[in-house]
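Student: Submitted below is the structure of interest, expressed as structure tokens.
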Amino acid sequence: MKILVGLSGGVDSAVAAYLLKKQGHEVIGAMMSIWDGSIAAPKITGGDACLGPEEDDIASVKKIAEFLKIPYRIIDCRQEYKNVVLENFKNEYKSGRTPNPCVWCNTYIKFGVLPQAAKRTGISFDKFATGHYANIKYNDSLKMFQLCKAKDQKKDQTYFLYRLNQKNLSETLFPLGELTKSEVREIAQAAGIPVAEKPDSQDFYCGDYNDILQFKTNSGDIADKNGKILGKHNGIWNYTIGKRKGLGLSGGTKEPLYVINILAKQNVIVVGEQKDLYSSKLTAQKVLWNSIAAPKTEIDVMAKIRQQHAPAKAKVTALENNEAEVVFYEPQMSVTSGQSVVFYDNDVVLGGAIIK
Ligand SMILES: Nc1ncnc2c1ncn2[C@@H]1O[C@H](COP(=O)(O)OP(=O)(O)OP(=O)(O)O)[C@@H](O)[C@H]1O
């Protein structure tokens, strides 16, 4: 097959391209460029981030492509990234919600704009591949492609990929799905791929999110659940549910205080005790069932409410307007508006939605 591989300059995508080439496929590399230089990003220390100066990544992609003897293109995705991912990021923070830019980047840019723009430059290909840790399997009885967890559970990235639809899944390959990260590093070292020691991307941006948001200060109150004012904030976007440090409250309470609610309309941050962070229920919007037909009745799933969350047993019921109610068997900590809730049945991703 002719396969377009999303190259980031990192070890995972380099090994993905290497393995596909070794299997005898014709491989073409494509790096999406998303950085327009309009943000005063700090110099990166340790780790790596997706959004930031790209010269080093471009140089790595060039080195990798030359080493693998494959052609490559740098694809300009800056405008779409700005219009979709950064706009969503800003709007969500402005509304007192905590967005997940990786979900939008994967859904619309990496698996959408990047391969489409590559096609427009005249490259033809049968499949698109990335170095994500995830699997795609075809379920014969359902006649559907299913997104499944990676073998390396610690590296599994399905939480960020649940919005890929059947078309995406049918056109995509994840060559690293059955490998562990250490196996991938060993393959890179054994093959002499020039990026074997490059660190993993840690976050979507390594600096202060205010560099991107650039909102004017909008002070308001920090209050307890009874409305008693305990302090001031500079803007609700600096807070997320469960935040404890840096609240700048003078203290005096027996228990540590956490952000338990963000009231955007009132411009108020509500704080409470850890026990106030637990909830048994959430409503989610923009529901997408990507690996099964939309269930007509309530179903049991394992629901994951952020990348670091251990999925918890829950019932999902469809509501009107493409929304769903998720009721957990046990209360869960820090359910956060704007984050995704992803539904699993063992290793299969059934779908997911955005927490309201
Ligand atoms: N700028 C980019 N251009 C093209 N593809 C990309 C880019 N960034 C990431 N990808 C693709 O998405 C995959 C997952 O990206 P993620 O940011 O999670 O990187 P990672 O786990 O550090 O992988 P890598 O080691 O390849 O950088 C990458 O393996 C690559 O195939």
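All residue numbers here begin at 1 and follow the chain in the order shown.
Backbone N, Cα and C atoms are what each Cβ position is placed from, and that goes for glycine too.
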Student: With Gly6, Leu7, Ser8, Gly9, Gly10, Val11, Asp12, Ser13, Gly131 listed by TrEMBL as ATP-binding, which of these, Met32, Met144, is given for the same site?
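Tutor: My reading of TrEMBL gives Met32 as the candidate in that site.
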Student: Within the set Gly10, Cys105, Gln339, which recorded positions show a CB-to-ligand 1 distance under 6 A?
Tutor: Gly10
Student: When you put His132 (site 'Interaction with tRNA') at the centre and draw a 10 Å sphere around its Cα, which of the recorded positions Ser8, Gly10, Asp12, Met32, Cys105 have their Cα inside it?
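Tutor: Candidates kept after distance check: Asp12.
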Student: Specify the secondary structure state of His132 (site 'Interaction with tRNA') as given by DSSP, simplified to three classes.
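Tutor: It is coil.
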Student: What average pLDDT does the predicted model assign to the domain 'tRNA-specific 2-thiouridylase MnmA-like C-terminal' (280-355)?
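Tutor: In the predicted model, the domain 'tRNA-specific 2-thiouridylase MnmA-like C-terminal' (280-355) has a mean pLDDT of 97.
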Student: Give the three-state DSSP assignment (helix, strand or coil) for Gln339 (site 'Interaction with tRNA').
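Tutor: Reduced to three states, the DSSP call for Gln339 (site 'Interaction with tRNA') is coil.
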Student: When DSSP states are grouped into helix, strand and coil, how many residues of the domain 'tRNA-specific 2-thiouridylase MnmA-like C-terminal' (280-355) land in each?
Tutor: 0 helix, 47 strand, 29 coil
Student: Go through Gly6, Gly10, our binding-site residues, and report the one whose Cβ sees the most other Cβ atoms within 10 Å.
Tutor: Gly6
